[in-house]
């Protein structure tokens, strides 16, 4: 094998969404790709019915799939969501559209189905995928890694370039931390989450809009529901693990000791949602309570030998629906740098320099978005700011672009979207202060401030 051939070998740990996408992109460009996954092949039916985990696919992720030639196949399995349907007790559900029309929507996609499409795509491009083999250790000096199966049998492999796409609890990240200081900073969240289910029959009985992301805001806690193709919905309850010290009586998972306690909680706090959850007691007891955290790293790579991407590099909370989209965007950027750079060390350094600021930005915006989803969506002040923002977007479409639109419907770098969003937020807050409706607001004066503070964007990529 020549030195050039050797330089185009890659070993990927983790056959989730980011790992399979980067495998397909590199294999299509002639790289020799070996992908290792500790779990069994999800495409092989075992008879066990897993949980239905849904993700929100936005333009960043859709663009990545488009480049990989898989967008059409994925969207055929997805459900369009035109906006947030906000449920507040005592008022009719209120649809808050995401964008101007059906060109600005997001898509609900089952994670398992998306993973299967990407696995097929990686194999079709020539990648070799090895299941039931988890990473145990990495010897960077010898460029060898050790894998093992469920029986404890160990296998040693040589690697030239190692990509860690193995999620929040990354074994590659752990191995890298033994040879370089990754600058890890973990920020745990007081909230956990629990996944529940609305059946197709229940969604039909209660006339639940199928083309929307549903939100039941409740301040310190909330429920969301994403649609499935069969008109069922995957519901997620976000709630504190423990009651805050200052509010010892506030609801938390620790108080919900079983399914019956969960039912009583839903009957009190989500009275319109509770009747839709036919299997609440069983779902609550059988589905684990998930943990949420944000992990920030200052270092993503070890020279030209190893690099992290997706959740392995930047775990984030799910409140902006961008974790998957950011990971798929990572995969595209990494493949492009590896294809164009003179050597792997240059490629990994350039990839890190490009993506780190954006990862930090979307991590911050995801944390901020919890407040918007759980509280602001039902606030009159927020709704007035949103209405004024829509008017400014119509008057100055190249200058005032709602932050949600920049994040969700464009590929403008997250860091730029965040910076512009902060300026826009301050403009709106100042403009609506002491006003209860638009009639008393000087729209021309607000527009003047928009043109003064926000340079035009010639195009949104």
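Using the three backbone atoms N, Cα and C, a Cβ is placed for every residue, glycine included.
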Checklist entry - Among 34, 132, 369, 442, which is the one Swiss-Prot gives for the L-kynurenine site where 84, 98, 404 also bind? => result 369
Item to check | Given Swiss-Prot lists 17, 18, 37, 38, 39, 56, 135, 311, 324, 325 for FAD, the same-site residue among 111, 113, 158 | outcome: 111
Next on the checklist: Take the mean position of the Cβ atoms of 84, 98, 369, 404, the recorded L-kynurenine site. Which other residues of that chain put their Cβ within 8 Å of it?
Outcome noted: 83, 96, 372, 373, 408
Checklist entry - Other than its own, how many Cβ atoms are within 10 Å of the Cβ belonging to residue 369 (L-kynurenine binding site)? => result 21
Next on the checklist: Which one is it: of the binding-site residues 39, 84, 111, which Cβ has the fewest other Cβ atoms within 10 Å in this structure?
Outcome noted: 39
Checklist entry - Out of 84, 369, 404, which of these binding-site residues is nearest residue 39 (FAD binding site) by C-alpha distance? => result 369
Item to check | residue 17 (FAD binding site): secondary structure state under DSSP, collapsed to three categories | outcome: helix
Next on the checklist: Check the DSSP secondary structure of residue 325 (FAD binding site), expressed as helix, strand or coil.
Outcome noted: helix
